[in-house]
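J.: Dumping what Swiss-Prot says about this protein:
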SIGNAL    1-19  signal peptide
DISULFID  Cys43-Cys58  disulfide bond
DISULFID  Cys51-Cys63  disulfide bond
DISULFID  Cys57-Cys68  disulfide bond
DISULFID  Cys62-Cys75  disulfide bond
Amino acid sequence: MKLALTFLLILMILPLMTGEKTSDDLELRGVESLRAIFRDRRCSDNIGATCSDRFDCCGSMCCIGGQCVVTFAECS
């Protein structure tokens, strides 16, 4: 049972840690993404989607003015 739970947890965390490195806080973003999953929050990849913070928007998008927008600079 413990082995199955460990395997499931690894499968959940692995996609959060893979991908292109765009900043030094990759590990922190992975942890925050995992917290969002446990809170049942999902990010939106739609431009103009309503958001309340930067974790509501996926990828290189930031939450500016309550909407997800594409940015080239890191979100603040």
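For all residues, glycine too, the Cβ spot is worked out from N, Cα and C.
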J.: What's the CA-CA gap between Cys43 (disulfide bond) and Cys63 (disulfide bond) in angstrom, rounded?
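T.: Rounded to the nearest whole number, the Cα-Cα distance is 11 Å.
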J.: Run through the Cβ atoms and count how many others sit within 10 Å of the one on Cys68 (disulfide bond).
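T.: Around Cys68 (disulfide bond), other Cβ atoms within 10 Å: 23.
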J.: What does DSSP assign Cys51 (disulfide bond), in three states?
T.: coil
J.: If you compare CA-to-CA distances from Cys58 (disulfide bond) to each of the disulfide-bonded residues Cys51, Cys68, Cys75, which comes out shortest?
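T.: So, spelling it out, the nearest of the disulfide-bonded residues is Cys68.
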J.: Just to confirm: which same-chain residues, 6+ apart in sequence, have a Cβ under 8 Å from the Cβ of Cys62 (disulfide bond)?
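T.: Listed in sequence order: Arg54, Cys68, Val69, Thr71, Cys75, Ser76.
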J.: Fill in the CA-CA distance, Cys57 (disulfide bond) to Cys51 (disulfide bond), as an integer in Å.
T.: 7
J.: For Cys63 (disulfide bond), write down the residues of its own chain that are at least 6 apart in sequence and whose Cβ falls under 8 Å from its Cβ; none is a fine answer.
T.: Cys51, Ser52, Asp53, Arg54, Asp56, Cys57, Val69, Cys75
J.: Return the single residue from the disulfide-bonded residues list (Cys51, Cys57) that has the minimum number of other CB atoms within 10 Å.
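T.: Selected from the disulfide-bonded residues Cys51, Cys57 on minimum Cβ neighbours within 10 Å: Cys51.
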